[in-house]
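Accompanying notes for the structure given below.
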Amino acid sequence: MNIKEVDVLIIGAGPAGSLAAREASKNGAKTLIIDKKSEIGTPKRCAEGIMSGVLERVHITPDERWIARKIDGARIVSPNNTSAWFTPETLETPATGIILERKVFDKHMTMDAIREGAEVMIKTEALSMKREGDGYLVDIKSFNKEYNQIKAHIVIGADGPEGHVARWAELNTKVPLAEMESGLQYEMTNLKMKNNSVIQFFFGSVAPGGYAWIFPKGYDTANVGIDISGIKAEKSAVKYLNDFIANCDETKDGQIVEINAGGNPLCGIFDKIITDNVMLVGDAAGCVSPITGGGIDTALESGMIAGRVAAKAIKNRDYSEEKLQEYADYIDSHLGKKFKKYIAIRDVLYNSSDEDLDEYITALANANITKLSTKSLIKVVMKISPRKLFKLRKILL
C-alpha cells in the first residue's frame with residue numbers, strides 16, 4: 001500500500017474546499033485537496049450569483065476572467081405578472097452582485113490554494129475512511145495510481161449534499177424530503193430580457209414550494225432555472241421549467257446550450273458539523289440559504305474559517321472535537337441563527353397561495369423601498385397582511 005501523509009485532507013475542490021485549503025496552507029498545515037472530477041468546476045450546479053461584498057469578506061480579488069456579468073438590481077415577479085423592481089434608480093445603495101463563470105471561478109480558487117502551498121489531486125475519489133491512530137486513513141482510487149491511501153490528522157468534508165464524509169464520520173446530515181428542493185437549470189441564449197443587469201425571481205404555482213429564476217450572463221444569455229418542492233410538485237422539474245420558458249416572453253425564443261440538475265437542501269445548518277478530526281463545510285454542512293438555495297457565499301465563508309481552525313489545531317497537535325468547536329461556534333453565530341429566520345420566511349412564502357403572493361408583491365411594487373433587505377421587504381408586506389405574517393413579527397422585527 002502506498003500511503004500519502006498530510007496534516008489536512010480536503011475532499012472536494014468546490015469553493016468551500018478550495019478556501020479551506022487556501023487558509024490551512026497559508027497558516028502552515030500540509031494540505032491536500034482531492035476531487036473525483038477530471039476538471040474542477042464542472043459540471044456547475046447553481047445559478048452562479050453572488051453579492052459583490054462577499055468576495056471582499058473572504059479576501060478574493062475580483063478577476064474579469066471569471067465574471068460573466070455584473071448585476072445592479074433585482075426583479076420579483078408575482079403569479080399575475082406584477083413586478084417589483086429594485087434598481088439603481090430606486091435604491092439609495094444599489095444591490096450589486098456578480099454572475100460567475102463557475103467553471104473558471106472554481107478552478108481559480110483551487111489555483112489560489114496551490115499558490116499558498118496546497119497540493120491537489122484531481123480524478124481522485126475517496127472510497128472509504130476509517131480511524132487510525134490520531135487521524136483517519138482514507139482509501140482512494142486515483143488517476144495517477146501513485147497512492148491508494150491518504151493518512152490525515154484532519155479531514156474536511158467539502159463533498160456536497162450527497163457527500164460521504166459525513167456518513168463515514170457518523171455525522172447525521174440526512175435531509176427531510178420536505179426540505180429538499182429539486183433543481184433544474186438551462187443556460188440559454190437568444191433571450192429577450194427586459195433588463196439584463198438584474199436577477200429575476202418568479203414565485204407561485206409556476207414553481208410549487210420554490211421559485212423560477214433568470215440570472216443574466218450576457219446581453220442575451222442567462223441561467224434560467226427552477227427549484228420545486230419534492231412534496232408540493234405535481235409534475236417533474238423538467239415539465240415545470242419547460243412550461244415556464246414557453247410562457248415567459250423573455251425566454252420563449254431562447255435556445256438551450258447547457259443543462260444542469262441537482263438537489264438543494266433547505267434545512268439550514270446541520271445540528272452537528274464536527275467531530276474528532278473531521279469538519280464539514282459548504283453544502284455538506286448545510287450552508288445553503290433556506291430561502292433561495294444559494295450557497296456560494298456561505299461555502300466560501302465556511303471553508304475559510306474551517307481552514308484556519310484546522311491549521312490552528314495542527315499547530316497545537318490537538319484534533320479533538322473540542323478543539324474544532326471554534327469552527328462550529330462561528331458557523332452557528334454567523335449563519336445558523338440567520339438561517340433559522342430564513343426558514344420561517346420560507347415556510348410563509350412557499351406556503352402562500354398565488355392570490356396571497358400577488359398581494360404581497362403588488363405591495364412591494366407600490367412601496368418606496370430605498371434599501372433592499374429582508375427586513376425592509378417583510379415590513380412592507382406585513383402592513384397589508386398582518387394576520388398572515390404575524391408569526392414573523394417576533395422573529396424578524
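Every residue number used here counts from 1 along the chain in the order it is shown.
Glycine too: its Cβ is placed from the backbone N, Cα and C atoms.
According to Swiss-Prot, Ala16, Asp35, Cys46, Ala47, Gly49, Arg102, Asp283, Gly295, Ile296 bind FAD; the candidate from Ala126, Ala246, Ala328 that the record adds to this site is Ala126. All chains included, 26 other C-beta atoms sit within 10 angstroms of the C-beta of Gly295 (FAD binding site). Of all the Cβ atoms in the protein chains shown, 34 others lie within 10 Å of the Cβ of Ala16 (FAD binding site). Looking at the residues that bind FAD per the record, Ala16, Asp35, Cys46, Ala47, Gly49, Arg102, Ala126, Asp283, Gly295, Ile296, the two CA atoms farthest apart are separated by 29 Å.
In the shown protein chains, 22 other C-beta atoms lie within 10 A of the C-beta of Gly49 (FAD binding site). Around the Cβ of Cys46 (FAD binding site), 25 further Cβ atoms fall within 10 Å across all displayed protein chains. Ala126 (FAD binding site) carries a strand DSSP state (E or B).
Under the DSSP three-state reduction, Gly49 (FAD binding site) is assigned to strand.
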